[in-house]
Amino acid sequence: LKFRLAGYPRKHNEGRVEVFYNDEWGTICDDDFTLGNAHVLCRHLGFVAATGWAHSAKYGKGTGRIWLDNVNCAGGEKSIGDCKHRGWGNSDCSHEEDAGVICKDERIPGFKDSNVIEVRKLMARVGSTRIPQNTLGGCLGVGCSGHSPSWCRIPRGQGSRVAGDTSTAIGLAGHGSGLLSPCRLFTERQQLNYRLHSVSCTGTEVHLSMCAFEFYRGNVSAACGTGMPAVVSCLPGPLFTAGSAHKKKQRQQQQGQPRIRLKGGAKVGEGRVEVLRSSEWGTICDDRWNLLSASVVCRELGFGSAKEALTGARMGQGTGPIHLNEVQCQGTEKSLWSCPFRNITQEDCKHTEDAAVRCNIPYMGYENLIRLSGGRSRFEGRVEVAVGAGDGHQPRWGLVCGEGWGTLEAMVACRQLGLGFANHGLQETWYWDASNVTEMVMSGVKCTGHEMSLSHCQHHGASLSCRNTGTRFAAGVICSETASDLLLHAPLVQETAYIEDRPLHMLYCAAEENCLSSSARLANWPYGHRRLLRFSSQIHNHGRADFRPKAGRHSWVWHECH
């Protein structure tokens with residue numbers, strides 16, 4: 001059985017359920033439909049569970065056969081075929097009764113989808129790839145024994161296409177490019193355990209398990225007698241280069257405005273893909289969007305291969321034009337602009353179909369240098385940072401001075417923690433006093449919002465300067481996996497603006513709420529008038545969460561002006 005979500009309008013995790021049975025796509029009738037049915041169907045589709053279901057062809061009427069009717073699942077069945085139903089093709093429904101599901105936006109780890117590769121989960125054929133921590137060059141290990149992998153070596157076979165193999169390996173490890181190098185140090189120190197040989201990649205694969213290779217069978221200790229371990233040395237992208245001089249040089253090389261960017265993602269290396277064309281930023285339609293095209297985007301931006309090619313505006317809807325449609329990269333292109341694509345027409349796509357990516361990025365270990373304490377959940381708490389780590393010394397944990405701490409700094413902290421966006425940056429955290437860490441170790445933190453670690457932001461260094469050094473004045477954050485993104489419809493302001501002379505006796509409320517200029521206080525109330533610039537406004541939320549005021553409802557007050 002194959003399953004898919006269809007219909008319009010819908011998000012990527014909801015839609016009309018269609019099932020492929022007996023070489024034909026068909027639908028499911030909503031008679032006797034339950035949340036248990038939705039749970040089973042969502043698992044078929046690669047989601048962990050269902051949050052709801054829809055009746056009466058909410059996502060539009062399907063075509064073809066209605067394969068199932070009166071389906072009744074308990075919710076724990078492995079297949080929809082195991083549930084009670086009237087029999088395949090036996091139905092008294094019309095397509096006006098087609099059922100739909102709303103699935104929880106969380107994928108089943110390792111679920112095989114043509115547009116998703118779960119790199120971090122062990123795969124049936126090979127396993128994950130790792131480069132030894134704190135080094136850009138090292139032996140390439142492949143896990144090969146279930147959930148507790150023993151790291152073993154891939155020998156360089158005579159038949160391997162070295163360049164392609166390396167490109168795939170380093171893309172998987174999160175780097176854009178790399179070179180092969182010898183690994184004498186590891187061969188001397190470790191007992192080698194070979195599992196694979198004759199690995200042959202074209203270089204466009206996004207995971208080593210997609211390359212051709214052979215297993216060693218029998219006595220693996222005697223394997224690879226004439227060869228040596230396969231090794232990669234990775235070249236970091238611009239974001240991951242160590243040393244400010246190198247970064248400055250990279251910036252100088254890239255002074256021409258980039259023609260591609262990622263927007264709307266909470267983490268480094270993820271976001272909605274936007275391209276610059278005719279001096280205007282726009283999005284890409286998700287028709288035919290796949291891992292090969294997504295990997296070209298990731299590598300062009302200095303990341304590794306793509307981990308996910310996301311469709312259905314998973315990273316929020318963009319604004320402005322949709323520039324490209326049906327992008328079809330081979331995977332070898334240096335730039336997305338080198339790939340074949342179709343120009344967009346008005347009817348083709350809407351922003352609900354904006355394409356996005358999640359890229360593999362190098363493991364930098366930044367999340368080990370920060371933690372939260374005292375919060376009600378893992379998404380909130382007082383910020384604690386580790387200082388003095390390295391050179392064999394144990395890190396010392398301390399607090400961050402809350403003076404000047406705001407949303408930009410909180411954004412960097414939440415990104416470093418891997419917790420998404422910042423809801424609040426807090427300058428006082430007396431209510432989170434649950435840790436024995438009391439020493440301030442960082443002050444004067446000032447971030448632009450794009451840094452990957454608080455240590456990359458401006459700060460006072462060893463010369464601490466904090467007026468209030470008590471723990472209640474330590475910085476804190478509240479993070480969120482999703483966020484709203486408000487955009488003003490600027491053309492409407494321009495189109496509707498006009499000047500009006502309004503009598504003062506009609507402006508008491510405006511004056512009370514400080515909407516008038518300061519000179520209004522000197523006016524002869526209620527006589528005379530003020531000249532106002534008036535306009536209409538629309539504010540659109542293109543983010544992935546509802547917009548809510550920072551002040552809770554308990555603090556709202558009734559005002560007669562409203």
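Each residue, glycine too, has its Cβ placed from N, Cα and C.
Any TrEMBL annotation is an automated prediction that lacks curation.
Here TrEMBL flags 3-104 (among others) as domain 'SRCR'.
Residues annotated as disulfide bond in TrEMBL: Cys29-Cys93 (among others).
For Cys42 (disulfide bond), the same-chain residues lying six or more positions away in sequence with a CB closer than 8 A to its CB are Val48, Ala49, Ala50, Val101, Cys103, Lys104. Residues annotated as disulfide bond in TrEMBL: Cys42-Cys103 (among others).
TrEMBL lists Cys73-Cys83 (among others) with the feature disulfide bond. Note: Cys83 (disulfide bond) has non-local neighbours Asn37, Val40, Val71, Asn72, Cys73, Ala74, Glu77, i.e. same-chain residues 6+ apart with C-beta under 8 A of its own C-beta.
What TrEMBL lists as domain 'SRCR' is 260-360 (among others). For the domain 'SRCR' (260-360), the DSSP counts in helix, strand and coil order read 16 helix, 34 strand, 51 coil.
Over all protein chains present, the Cβ of Cys285 (disulfide bond) has 23 other Cβ atoms lying within 10 Å. TrEMBL lists Cys285-Cys349 (among others) with the feature disulfide bond.
The feature disulfide bond is assigned by TrEMBL to Cys298-Cys359 (among others). Its own atom aside, the Cβ of Cys359 (disulfide bond) has 28 Cβ atoms within 10 angstroms in the protein chains shown.
The disulfide bond annotation in TrEMBL covers Cys329-Cys339 (among others). The Cβ of Cys329 (disulfide bond) has 21 neighbouring Cβ atoms from other residues within 10 Å, across all protein chains displayed.
Residues or ranges marked as domain 'SRCR' in TrEMBL: 370-480 (among others). Across the domain 'SRCR' (370-480), the DSSP tally of helix, strand and coil residues reads 20 helix, 38 strand, 53 coil.
The annotation disulfide bond is assigned in TrEMBL to Cys447-Cys457 (among others).
Summarising the environment of Cys103 (disulfide bond), the number of other Cβ atoms within 10 Å of its Cβ, over all protein chains shown, is 27.
Its Cβ taken as reference, Cys349 (disulfide bond) is surrounded by 20 other Cβ atoms within 10 Å in the chains shown. In this structure the alpha carbons, written CA, of Cys349 (disulfide bond) and Cys298 (disulfide bond) are 23 Å apart. In this structure, the CA atom of Cys285 (disulfide bond) is 14 Å away from the CA atom of Cys329 (disulfide bond).
Sparsest Cβ environment among the disulfide-bonded residues Cys29, Cys457 (other Cβ atoms counted within 10 Å): Cys457. Cys359 (disulfide bond) sits 39 Å from Cys29 (disulfide bond), taking the Cα positions as reference. Residue density at Cys93 (disulfide bond): 17 other Cβ atoms are found within 10 A of its Cβ, drawing on all protein chains shown.
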